[in-house]
Amino acid sequence: MTSVCIEIVEGNPHLRSLLSWHLQQVGYRVYQAASLYQARDVFLTRQPTLVILDAELADGDGTEFCRWLQQQQQPLILMLSARNTEADIVTGLKAGADDYLCKPFGMQEFLARIEALIRRQRTPAAPAYLDYGTLQIDLVQRRVYFKGEYIDLTPQEFSLLYVLAQAGGLPLSRSELLRRAWPDAIDNPRTIDTHVLSLRKKVEIDPRQPSLIQTVRNVGYRFNAEILKANNVQPADVFQRQTANHHPTLEETKEKSEVTSHKSEVFH
C-alpha cells in the first residue's frame, strides 16, 4: 500500500490535516494542497494515483479542476462536497469523478471508499496526445500539429512547449522550465529566453506580441491555451507543411502512435 500516492485538495485546513493523518495511518503517501493553484503543481510534481478533491475551493470550482485532471494521466478522483442533491452528484461524476462523498461523512466510510477505488484501479496508459482543439502535441512521436499540419520544432522546442502546455496555464519560472524540460542540463536558466524566442517565431502570429506563450512578469512564462479556442488562432506561416520535405499529417501518424508503447519516454 505504501506505493499508493494520494493528493488531498481541501480548503478546510482542519479537515485536510485530519484526512491526511488517517490516510497515513493505513500506509498511504499523502500530499496536501489548499487551493487549485497548489493542486496543479502538486499533481504535476507528485503524479498521485488518487486525488481527493473538494468541490468548493476559494480560488475556483473543483469540477473544472476535475475536468483538467482528465486531460492529464487520469488519476482516480474522489470528490468531496457539502452539495448533496442528485444534480450536484451527477455534475461531479460527469466531470470525471470516480466517486462522490457528501459532507459530513464518517471516517470509516471515507477510508472504505478509498480502498474500494484503489481495488478498482487499472494502470492507465500515458496519454498519447495533448489536444487543444486546433493544436495537438503527439507525445509518442514527439510531433506537433496545427489543424492537422505538421510544425517543424527542434527537440528543445518540443520539450519546452510540452512542459508549458502540461502546466495547464500555470506560470513557470525559468529555473523550473529548465528543470522539467531538460533535467540533465546545466545551462543558465536565462537560456530559456532564447528557446522561447525561437519557439514563438514558429507558434505566434506576431512574435513581438505573443498571445500563446505569455511572459509573466517577475515569474517566467505560461501557456495560454484559451487563445486557441477564443480567437480561432491561425497558424504562423512556418506552421504550414513544407512542400519540399513531406512530413506525415496527424492522421497518418495516429495509427502508428496507438500501437507504440505509451510508456515511451517523452524526453530523451
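Every residue, even glycine, has its Cβ placed from backbone N, Cα and C.
Using DSSP to sort the residues of the DNA-binding region (127-225) gives these counts of helix, strand and coil: 33 helix, 24 strand, 42 coil. Residues or ranges marked as DNA-binding region by TrEMBL: 127-225.
The annotation compositional bias 'Basic and acidic residues' is assigned in TrEMBL to 248-268.
Taken from TrEMBL, the feature domain 'Response regulatory' covers 5-118.
Across all of the domain 'OmpR/PhoB-type' (127-225), the predicted model scores a mean pLDDT of 88. Feature annotation from TrEMBL assigns domain 'OmpR/PhoB-type' to 127-225.
For Asp54 (4-aspartylphosphate), the number of other Cβ atoms no farther than 10 Å from its own Cβ, over all displayed protein chains, is 25. A strand conformation is recorded for Asp54 (4-aspartylphosphate) in the three-state DSSP classification. According to TrEMBL, the 4-aspartylphosphate annotation covers Asp54.
As annotated by TrEMBL, region 'Disordered' applies to 245-268.
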Secondary structure tally of the domain 'Response regulatory' (5-118) (DSSP, helix then strand then coil): 54 helix, 29 strand, 31 coil
